[in-house]
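Visitor: Among the features that TrEMBL reports, domain 'Amino acid transporter transmembrane' is placed at 1-375. The transmembrane segment annotation in TrEMBL covers 76-94, 114-132, 144-166, 178-198, 210-234, 254-281, 293-313, 319-339, 359-379.
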Amino acid sequence: FQGIFVLGLPYALLHSGYSGLFLIILSAALCCYTGKILITCLYEENEDGQLIRVRDTYEDIANACCKKLSCKLGGIVVNVTQVMELIMTCTLYLVVSGNLLSHSFPYVPVTEKIWSVIAFVTVLPCVFIKTLKIVSKLSQLCSLVHFIIILVVMTYCLTQIHQWSWAKFKLSTEFEDFLVSVGVIIFSYTSQIFLPTLEGNMKNPEEFRCMLNWTHLFACVLKTTFALTAFLTWGEETKEVITDNLPSFLQTLVNLWLLTKALLSYPLPFFAATEIVYACISRGHHSNYRSPLFALGVRGSFVLLTLLMAMFIPHFALLMGLTGSVTGAAMTFLLPSLFHLKLKWKKLSILEKCADISVFIFGFLCSLAGIVCSIKGLLEVFG
């Protein structure tokens, strides 16, 4: 939840004002809700009224919903969407790493693309990761690094408390500027892709809902506090990535910490993407597809693909925005609410049905607005 997107939240407040603060809280509540209903779709009641886990993945849920049309159609759509988002996320981490290295060492005569290749070398060991336990350890380190970055930024902001003024907040905002903020805020909470795997690997799965409540609550409090503190410090001068506002002596240090965070963030989406593809390929009766060497080949191909995309796709940030608007909104809002309605319709109350429909409409509008803004940006870039 505390990803690189968090560093863009003060910039989101610049364009959204008080409505941005409300949206940070609303997004936490909606993402927590869709996470719960997605996991609910993994379970069915047996004859004794006990809940039994009859599905294991997002794909299984999709297949169950679309079985009348095709037994595999829903799973194919979900898998393609998941892999697209995960691979684009991995590629973004390499692009960000190249950018951070370039800004940290401006006197070294090396291009951003070469720096991305150097970052790629450091993530190559990911091809040998076989279990989620290793990924979780790396994610713990990633969280620690992130909190160090947040601590540094907030400590500096608190030294400037004499400059704070609530007058910097806007009561009204431009609609297009607000849409930019919506994308940044909502997609800083997305985690639905990982939830079925996470819940299935928990020692006590019955504690999942409690865990989701607490993590979203803490994420909301931290995001709101950080965004407010930073925005009140720099006001109209707030930049897209808040660390760019720091004085030069702190900026280089924080950029190196950000680089570490980006590289430690890479294994989770990479592991998830390769596991999805490997599972799809190895379902046949061919024993060769289940060999460790084949799995290594799949992971090696994917890590190379992320490098090639980082090197050769122009205007990657805009393409990432377009992909995120389609896949992010679909996986976070549209599909969980749709699947929940489909699988649990007879058991849902009127209030629950209204909640699911409202979330679906909200996700659709966010997706549509993000697509329009991203395409407009691409058209402007390409003339």
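Heads up, the Cβ atoms here are built off N, Cα and C, so glycines get one too.
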Visitor: May I ask which of the stretches 144-166, 210-234, 254-281, 359-379 has the most CB pairs under 8 A with the transmembrane segment (178-198)?
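Guide: The stretch with the most close Cβ contacts to the transmembrane segment (178-198) is 359-379.
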Visitor: For the transmembrane segment (210-234), which stretch among 76-94, 114-132, 144-166, 254-281, 293-313 has the most Cβ pairs under 8 A?
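Guide: Looking only at 76-94, 114-132, 144-166, 254-281, 293-313, the most contacts with the transmembrane segment (210-234) come from 144-166.
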